[in-house]
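In what follows, a structure is listed as structure tokens, so that the remarks can point back to it.
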Amino acid sequence: MVAAGVHRPGPLKQQNKAHKGGKHSGASQRRNGGRVPVKAQPRRRLRDLSRVDRRHQALQLRRQRKEAVLAEKRSLGSRDGPPHLVVLVPLHSRAAAHDTLRLLQGQDSAVVRAGEGRAGGFALLCPRLKQRWRFVPAQAGDLHAVLDLAKVADSLLFILDAADGWDSAGEHCLSCLFAQGLPTYALAVPGGTDLPLKKRIDVRRKLSKAIEKWFPEAKLFPLSTEQESSLLLRHLATQRQRHLALRERRPHLLAWAAEFVPGQQSPLVGTLKVSGFVRGQPLDVNSLVHIVGHGDFQLSQVDAPPDPLSLNPWVGQGQKRSQDMEDDSANGTEEMEEDVKVLMKADPSKQESLQSEVVPDPMEGEQTWPTEEELQEAEASLKANRRVVKVPKGTSKYQAAWIVDDGEEGSEKDDGDDEDYDIDDDMMEEAVSQEGESSEEEEEEEEPAGEECETMTVSECLRDDRYDEKVEEDEQMLERYKQERMDEMFPDEVDTPRDVPARVRFQKYRGLKSFRTSPWDPKENLPRDYARIFQFQDFSRTRKHLFRQIEKEETEGALVGWYVTLHVCNVPVSVMESFREGKPLVLFSLLPHEQKMSVLNFLVRRHPSNSDPVKAKEELIFHCGFRRFRASPLFSQHTSADKHKLERFLRPDAALVVTVYAPITFPPASVLLFKQRSNGMHDLIATGSLLSVDPDRIVVKRLVLSGHPFKIFTRTAVVRYMFFSREDVMWFKPVELRTKWGRRGHIKEPLGTHGHMKCHFDGQLKSQDTVLLNLYKRVFPKWMYDPHVPEPLPWVRSESKPPTEEGDME
């Protein structure tokens, strides 16, 4: 009896096979023959940890990260580390840095004022807090000084206006700083005490809402009293530091003092003694240094003078240095050493070379020296071909080779040629005489006929040459706008010349079956400039190996936080003059190979503040990492293919790759592109980063020849206006055709002698369609590298309107 409600499976029930889990492992064991692999899952034990062990491991990692952050905070500005470098950047014409400096100097601490070349900066020592700061104000309007100081600053202190925040120049400065890489920052608002309390709170609320565009999580610090300045100092000392990879891997310093010693050969070149605190990484005397804005130089020695910003004046710095460097003195001294100690001297066998280019050998690719047998055969052939000719005295061998014997055939023809030459000479004399007479007649006609002259007053506006120059600049800009517009409407299209055959005009171009898949040898037809550059066999592997050495190995040299004096060799006196004028002197130690020239590729995007057309191979100013230089770049598309199409203009709607000849720089590194106006100002046109150092990156220029269908049949058409001779049609016959509406075809045969041709397509053409033929050629950048960049004029400030309720400050 079957119970009600119970389902019984029928004969058609699906029967699945049981899973055989051990079959595969047994088959692999039989296939391996019982052999055991060398590494038997080394990470398996990590997965087998218990819950308590995993929790304990996570706690240890979190504690290590916390201790590393605290150690970094304590070392910055402490006795063993470099002083906390704070750069004051005013963002408004009314936001002066002098009042801020006066408030910061009023702290209960010792103030050490800087000497020459510091432009009003000072050092602040707080023995009670065991902290030391160095405050450096950036010159208002000097963009190069702001960017150079931001490269080495630990913190940036932006000074805002209480009413407007920042003006146009301040916004331009912020754009450049954010593109270069912003270190730790703070916002200060001095003044505003003369306003009523209610109005003051309202303005502060509007300003806090307005800064959300650039600083979404920032806090405004009022700076009107000494108490508020103490809060600001505490915030600067305790906030977490931002890490910039460019300076974390390279030793660098900001000059505290400098001295120039003229050389024996010329007073314009000598040794520059730069004193400052080492930052980033330990400094090696055998490596090269780059003075920002001036070039690469070698070091001769490194000294250890007394620390001018010591928190404990009773403990000599020389004692600590002697213990770290294992000096000869065993017990050490407790009094301050006034004499300067030499830490390191350069070793010529280990010192990096200043060679930046390869000296090409023009005979390197030539044939080897001939053997003796080949020389004897050449002499025998010369003797066999010799003949005796009577020549006048003083005739050279080259002239004698062209003299023809009287007995040779063709003498009658030579006489006829001489007669023709005589006739031509007579005709030339007659032509010259006629021209002389005509020129005399024209001069007589041009002579004044004795007419009376009168004077008239001309307005000054018609004689203003500067106004005409402005009109010429407008015409040039209008022509560039037209070219950019035509390139957008008809990309890469050119007109076939009528006076020159197309096979001659485009002889350096080639056709490709497919731009993506067709092969192109990167070593083919390289220019002479490629013989001057350096190339890595594997750039990414070299970069990883170099950075791994920096992280693991301990470099011998001056440690971070030491106050040292660098002896820089063969420095022009202009470097010292700029330092005396108040401009910052920033030094970066170069990594291996960073002084050598190669092909650098930058990935950039157009900055929205500039819309002027920028053409390829136009001179631009580059701020790449710690370098400044001028170069003429190429623009190309950023794709994953092996070939990249050239762009004639810098596109505003896409990221492009900029290719130039420049010294090697290991990424990551930011890049800023500026364009110099005729009045000397620099406009920011693009920002980005260093993509690669690769001379084998193929940039291909495309040309598009267009034709129009004259007669259309089912799948054939007669096309005209693409070529104008039968020979050109036969020359470009192997190249594939395409149309703007997606048809593909090829040339079958020419028709007539005026460039008409019969073409076959994969479908019927439309009468409004256009037939196109693509040609390609590899292009290379111009060698226009110039490390000397002129100083830009100060940015023209315009007052910003006060922030509204919505917080708009633009």
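Using the three backbone atoms N, Cα and C, a Cβ is placed for every residue, glycine included.
Features reported for this protein in TrEMBL:
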{"type": "REGION", "residues": "1-65", "note": "region 'Disordered'"}
{"type": "COMPBIAS", "residues": "47-56", "note": "compositional bias 'Basic and acidic residues'"}
{"type": "DOMAIN", "residues": "82-242", "note": "domain 'Bms1-type G'"}
{"type": "REGION", "residues": "302-380", "note": "region 'Disordered'"}
{"type": "COMPBIAS", "residues": "325-338", "note": "compositional bias 'Acidic residues'"}
{"type": "COMPBIAS", "residues": "339-350", "note": "compositional bias 'Basic and acidic residues'"}
{"type": "REGION", "residues": "402-455", "note": "region 'Disordered'"}
{"type": "COMPBIAS", "residues": "405-429", "note": "compositional bias 'Acidic residues'"}
{"type": "COMPBIAS", "residues": "437-454", "note": "compositional bias 'Acidic residues'"}
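The residues of the compositional bias 'Basic and acidic residues' (47-56), classed with DSSP into helix (H, G, I), strand (E, B) and coil, number 7 helix, 0 strand, 3 coil. For the compositional bias 'Basic and acidic residues' (339-350), residue counts in helix, strand and coil come to 0 helix, 5 strand, 7 coil, using DSSP. Within its own chain, the compositional bias 'Basic and acidic residues' (47-56) is flanked in space by no residue lying at least six positions past its ends with a Cβ under 8 Å from the stretch. Across all of the domain 'Bms1-type G' (82-242), the predicted model scores a mean pLDDT of 82.
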